[in-house]
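> Pasting the relevant annotations from TrEMBL:
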DOMAIN    67-187  domain 'Type II secretion system protein GspF'
DOMAIN    266-386  domain 'Type II secretion system protein GspF'
TRANSMEM  163-183  transmembrane segment
TRANSMEM  215-234  transmembrane segment
TRANSMEM  359-384  transmembrane segment
Amino acid sequence: MHYKYSVLSQTGNEISGTEQGSYQAIRDKLKNNNFHILSLEPDLIKSIEFYLKRKRIKAQALAELFEDLSNTLETGLSMNEAIMTLEESSVEPVLKEALSRINASLSRGASLTEAFSRTEVFPWQVLNMVRVGEKSGGLERVFRDLAGYFSREADFLRSLKGALVYPAVVFCLLVVVMFYVSFQVIPHLEALLPIKENACFATRLLLSLSHGLRYYWFMYLAVPVVLAFFYSRLKVSQVERIRDFYYRIPVLGPLIKDVAFSFLFSNLAILQRNGISVIEALSLVRDTSFDKFFAEKIAKVKDTVISGLSLWQALKRDAFFPKPVCSSIRKGEEMGNLDKYLESLADSYFKKVTRRIDALLGFIQPAFLMLCGLLLLFIVWAFVIPVYSNLSNIAGGNQILKGGG
C-alpha cells in the first residue's frame, strides 16, 4: 500500500511525499527521523497503479523454486550452478527473468540477499530469510522452510479460489440478467403493464429499479469505489472499531481471524526457527501487514514483550487472542521449542481455515440457488402476471365490444 504523508521537519519546513509499506512501518519511520506527522493517508491511485504494474511470482512457483534450491544445494552444487540450472528449466516468465537477474548479480560479486532484493519480485519473507541463511550458513534449511511456507500459502489460495469461483460466476450472471432485463425486456413490454398507479407494489418496485439501472447505472458502479475511498480515509481508531465488528460477523468473521492467525504463527515459526528473536520477528510481521487493525494488535504485543513479559503473557493481555493459543505458546516457551509450537498452531489454524471454507462453500451454493429462484419468482410476480392479466382484460373487453356489436 502507498501512503501520502505531510510532515514538519525540526527546522519547521513542511515536507510532503509518498511511501510504500504498511501504515505502522511508515509512521515509525517518519517518527524515527524526528518528523512531526501532519497527515498520513492511503494513496489509492498510486497503490492501484503499482498493483497493476507489479510483477509477481505465484506461491506455488515459489514453493517449487525453494524446494528445488534446497535439493540442488544438498547435492553439492554451488549457488550459481543451482540458480543457473533452475533458470534453464523454468517455464514461468517472471521467475525465469528473476533467476537470470540473480545469476547476473551473483556473477558480479553481489551477495545472495542483494541479488534477490534487486529483482523486486520476491516477498519480504524471502529477503529476510535469505539474509538469515547467509549469516548462519544454513541456506538449505532456510529454503526448505520457505518451500513449506509457500506450499501452505498455495494450498490456501487454491482452496479459496475454489470456494469463490461458483459464487462469483453466479453473481456475474445475476448482474448480467438484471442489466439485460432492465435495458432490453422491460422498456419493450412496459406499455403492456397496468397503469403505474394501479400496479401492485412489486411491479412499481421493478419499474423503479429498471429506471434506476438504465439512467443511473454509473452511480451503482461508483458505490464500491466511494466506499473504498472513505474507508481508506478513516483514522486507525475508526478502522479498529470497524475491523473489530467484522471479526465478529458470524461465519465470515471467524474465517478472517483464522486466516490472520495462520499466517501470523507461520511467519513467527519460520523466523524463530532460523534464529530471529521474538521482538524482531514481531516487528517484521507488523511492518509487512497491510491490515491496520492486525498490525496494531501485533505492535501492542511487541511493546508488551519489550517491557519484559513473555510472548504468551503479552498475547493473554488482549482478548483478541484465544486462550488455547496463549497456553500453547506458554508451553513452547517453557520447553524451549517455541518454533515447533508456533508451527503446530499455524498447521492447526490452516486446517481450521480449510474446514471453514468448505463449510462456507456448502452454505453459499444453496443460498445463491435460492437467491436466483427468489429473483425469478419476483420477476414473474411483478412483471409476467400483471402483463398476462392486463392482456386478458384487453381480450375480454374486445369480446364484450364484439358481442355488443
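Think of each number as a place in line: the chain as shown, counted from 1.
Backbone N, Cα and C define each Cβ position, glycine as well.
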> Can you count helix, strand and coil residues in the domain 'Type II secretion system protein GspF' (67-187) using DSSP?
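Grouping H, G, I as helix and E, B as strand yields 104 helix, 0 strand, 17 coil.
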> In the same chain, who gets a Cβ under 8 Å from the transmembrane segment (163-183) while lying at least 6 residues past its ends?
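Cβ under 8 Å, 6 or more out: 209-210, 213-214, 217, 357-358, 360-361, 364-365, 368, 371-372, 375, 379.
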> Using DSSP, break the domain 'Type II secretion system protein GspF' (266-386) down into helix, strand and coil residues and give each count.
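The domain 'Type II secretion system protein GspF' (266-386) comes out at 101 helix, 0 strand, 20 coil.
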> Should anything in the same chain at least six residues away from the transmembrane segment (359-384) have a Cβ under 8 Å from its Cβ atoms, list it; otherwise answer none.
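Here the qualifying positions are 162-163, 166-167, 170-171, 174, 177, 181, 186, 189, 193, 200, 202-203, 205-206, 251-252, 255.
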> Looking only at the domain 'Type II secretion system protein GspF' (67-187), what is the model's average confidence as pLDDT?
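Value for the domain 'Type II secretion system protein GspF' (67-187), mean pLDDT as a whole number: 85.
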